[in-house]
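Heads up, the thing below is written out as structure tokens.
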Amino acid sequence: MTKQTVVTEKFLSFDGSRLSEGVTYNPSNHTLLWLDVIAGEIHRVFLPSESLESYGSEDLIKVAETHEIIKTGSPVGVIGLTSDDDVLIAGCKEGAGFASFKTKTFEYKYLFETDPEVVKNMRSNDGSVDKDGNFWVGTMNDFSFGSVTPTGKLYKISAKDDSVTTMISEATIPNGLGWFNGKMYWTDSLTFTIWKFDYDFTTGKLSNREPHIKIKEILPGYDSPEPDGFCMTETGDIFTAVWSTSRVLHFNPAGELVEEFVFPAARISCVTFGGKDFDELFVTSADLHLDEPELVGSVAGDLGGSIFRVKLPGVKGQKKNIWKGKI
């Protein structure tokens, strides 16, 4: 029987949060970062430098007092760490650029498409930085321009020469992305699948795409159990958020379900490991009223938009890679 952990308390929440995503931990300055995709905001709080088993009310107040925001001016889907703790590389509507907590501004540097009609309909979603410091960004149809179609792409921005390469085409909603042991794992949400590839870091070639985890087979009782953001452990386990199910699912390297976490929010969106020992799972979520900001927070019992935290002794999460290009 699959182990189940039920989480009942939120870790952090801020008024008006709609689509919290892209959660990231920076061990260099002990900060937790996340996005509000629709609002075009990058959020940051400072966590204690020591390892805590749990947070008391005073601890949470102190963390909340450090909260700061960068407004990007358009939907933001993914962030990556850089050599400067106050500067992030970020994927927004038209491409990617740099966001600064020093100036609270964002500026584009890399544009993915030139056709105005394509640019109008697209936005960045999820992505990651690989071990060579390249920034990978997925794009999709912006929800505000109709239903999602398989026109999304996964781009790689080279840290070495700033080139932008299309790695995958015909995606629906590009989401979680990670690497382990010569393999690349990538989620395309509306295929309800986490895919596995061979990836050659020397040549940059992707090959041998095959399904690794089929979420609909694991959660057959849900109409649309969409795998969302995921993170990986140092041993190759995957922890993935599953949208519309209130769940994070934990899989071993063979793709077998070993554990599930249930949260008081239907729309679980992204996960990351953090804390001093990288044994704390931070989880983002979304409100049930993404298109009706006046109704945010109005559904009793659903804490969508909040950040959750689960302490996992004995688990060691992968650290985020750092962008190695110019900033």
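Glycine is treated like the rest: Cβ placed from N, Cα and C.
Because TrEMBL annotations are produced automatically, they should be read as predictions rather than curated entries.
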Which of Asn141, Asn175, Asn181, Asn321 shares the divalent metal cation site with Glu21, Asp228 per TrEMBL?
-> Asn175
Expressed to the nearest Å, what is the distance separating Asn175 (divalent metal cation binding site) and Asn125 (substrate binding site) at their Cα atoms?
-> 7
In this predicted model, what is the average pLDDT of the domain 'SMP-30/Gluconolactonase/LRE-like region' (19-286)?
-> 97
Residues within 8 Å of the Glu21, Asn175, Asp228 Cβ centre (excluding the divalent metal cation site residues themselves) = Gly22, Asn125, Asp126, Ile173, Gly176, Thr187, Ser189, Gly229, Ala241, Trp243, Ser269, Cys270
Could you state the whole-number distance in Å separating the C-alpha atoms of Asn125 (substrate binding site) and Glu21 (divalent metal cation binding site)?
-> 9
Can you tell which of Glu21, Asp228 has the most other C-beta atoms within 10 Å, given these are the binding-site residues?
-> Asp228
